[in-house]
Amino acid sequence: MMSQTLTLCCLGLVACVYGNTVSTNDTACPTFCPSIYKPVCGTDGQNFKEFASTCNLLSHNCRRERNSVQAYAATDAAWCSSEFVENLHEKLGNFKLEVKECFKPCSMIYQPVCITNGKYRAELANSCLLENFNCALQVSGAQPAELFRLLREEKC
């Protein structure tokens, strides 16, 4: 009885390990993932895609790698959930940017940054402008959740 229990435990462990690995050879890619929605954003360096879970991301990558296609790497969820806008100031209703208490001198050096508030994603000329932008948003009545944060220190 003890050896049967041990055998079943070992088989269960092997099945668990096998089911959670990503295969790049001729064995089948894992196709079963738990029905738990815990979204993960992935990027292949050019595109962004939202997956229902990490398991779904791994399964998708297994199939992509077999076809010699770049795999997706998990990244900040804002890449998948936010809309890229060209003119953020206009999109937010043209609030007043020239607010005296928000004025902070920023260099004229162009070092683009990508920012997001979870809903919108945009580019600013540099990170100093992000502070001025958020201050002006707060003065205009924006809630803390509506403020922007740095997504990456380069173009979106």
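Backbone N, Cα and C atoms are what each Cβ position is placed from, and that goes for glycine too.
Residues annotated as disulfide bond in Swiss-Prot, with sequence analysis given as evidence: Cys29-Cys62, Cys33-Cys55, Cys102-Cys135, Cys106-Cys128, Cys114-Cys156. Feature annotation from Swiss-Prot assigns domain 'Kazal-like 1' to 23-81. Taken from Swiss-Prot, the feature domain 'Kazal-like 2' applies to 96-156, supported by sequence analysis. The signal peptide annotation in Swiss-Prot covers 1-19 and is backed by sequence analysis.
Structure with Swiss-Prot features highlighted.
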residue : record         : DSSP class
Cys29   : disulfide bond : coil
Cys55   : disulfide bond : helix
Cys62   : disulfide bond : helix
Cys102  : disulfide bond : helix
Cys114  : disulfide bond : strand
Cys128  : disulfide bond : helix
Cys135  : disulfide bond : helix
Cys156  : disulfide bond : coil
Between Cys135 (disulfide bond) and Cys33 (disulfide bond), what is the CA-CA distance rounded to a whole number of Å? 44
List the Cα distance (Å, whole number) between Cys62 (disulfide bond) and Cys156 (disulfide bond). 27
As a test of the contact definition, list every same-chain residue at least 6 positions from Cys106 (disulfide bond) whose Cβ is closer than 8 Å to its Cβ. Asn126, Cys128, Leu129, Asn132
Among all protein chains shown, how many Cβ atoms are found within 10 Å of the Cβ of Cys156 (disulfide bond), not counting that one? 16
List every residue in the same chain as Cys114 (disulfide bond), at least 6 positions away in sequence, whose Cβ is under 8 Å from its Cβ. Arg121, Ala122, Glu123, Leu150, Leu151, Arg152, Glu153, Glu154, Lys155, Cys156
What does the structure give for the C-alpha distance between Cys102 (disulfide bond) and Cys55 (disulfide bond)? Integer Å is fine. 45
Give me the count of other Cβ atoms within 10 A of the Cβ belonging to Cys128 (disulfide bond). 16
